[in-house]
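According to TrEMBL:
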- 153-195: repeat 'WD' (REPEAT)
- 197-238: repeat 'WD' (REPEAT)
- 239-271: repeat 'WD' (REPEAT)
- 301-335: repeat 'WD' (REPEAT)
- 363-407: domain 'SOCS box' (DOMAIN)
């Protein structure tokens, strides 16, 4: 089935401007759904209010140039705008932008440092931060409502390839870099770097927190998939199975599954608690041999993300296709065309998939399906119980297999 196009946000182009070198490596939605942000290539990040963006698609059709959107979205004007009202911003980060992440604070989540009375920033519940990872190794933290630069973090020595905030509202930020390290920052402690996670022998491409913020997954070159205990800052296990560089990862909403995307043309769905591959989604038919998968081909998978219903996964590959998969089916349930796609993510409510390409963003409606009561119960159980605890439950084997996503 063909996925329905929702809309486009096209980056403005000057006459004779070439698209090459204007890669959109990152697109992100705010946790509360207020903002959409993406890299327009080079130094510029655009933030637009997502609700008004959707309304524009409905009112004016699917195609929207970024300049045209600007004329219809309210801009922040001096001090008159309300801080907590989403307004459009164009942010010049000063260098090529490789990664974006939104973070919001929960006041009850205290900083791990001791002298909190000396902090420059007191992040409240109405605060929304945007972290940008740059080509020169810096991470800049912005106030999403005002577009003001708050912090400049400068410990990485190479490209900051990915960023992720802990979902628990603690404003713990993890950065993945080509300098082969992951760094843990506490923004409630004025951006103090808490820990350096070492283990990758080559570039680190991506990182993602589990929904309860207890586990971090990091992926990179040389087939690397690592899981880290974020309470002890120690490595839990290394997942082995890919045949080429692993470039993206994401946990399912209940934390029971982990999706990883690799240049070996495959997306794997893992049980991260025991390190077992449960599903394999191939992007090349017939599936390649391990030798061929480790070489160059035109089916490299660039990005993967989990839908909020826990039933669907989206993937982006170099064969100019976006695919929507059900976790219990072998073939895609929907597809859509996209040239040079590099990143994708679901909207906060899960109804739209956004994908970045050549400084622009494209949107598709996600497969709509009413989740079964069994699946909703499974997600509720798996949010609080790892696989080891589920296996000890005194329940029938079929129910056990279902709770462990083995059927």
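Cβ from N, Cα, C; glycine included.
DSSP states for the repeat 'WD' (197-238), grouped as helix (H, G, I), strand (E, B) and coil, give 0 helix, 25 strand, 17 coil. Here the repeat 'WD' (197-238) has long-range neighbours at 161-168, 170, 172, 174-178, 180-184, 244-251, 253-255, 258, 260, 262, 270, 272, 275, 383, meaning same-chain residues at least 6 beyond its ends whose C-beta is under 8 angstroms from one of its own. With a threshold of 8 Å between CB atoms, the same-chain residues lying at least 6 positions outside the repeat 'WD' (301-335) that come near it are 1-3, 247-254, 257, 259-263, 265-267, 269, 279, 281, 283, 341-346, 348-350, 353, 355, 364, 366-367, 369, 371, 375, 379, 405.
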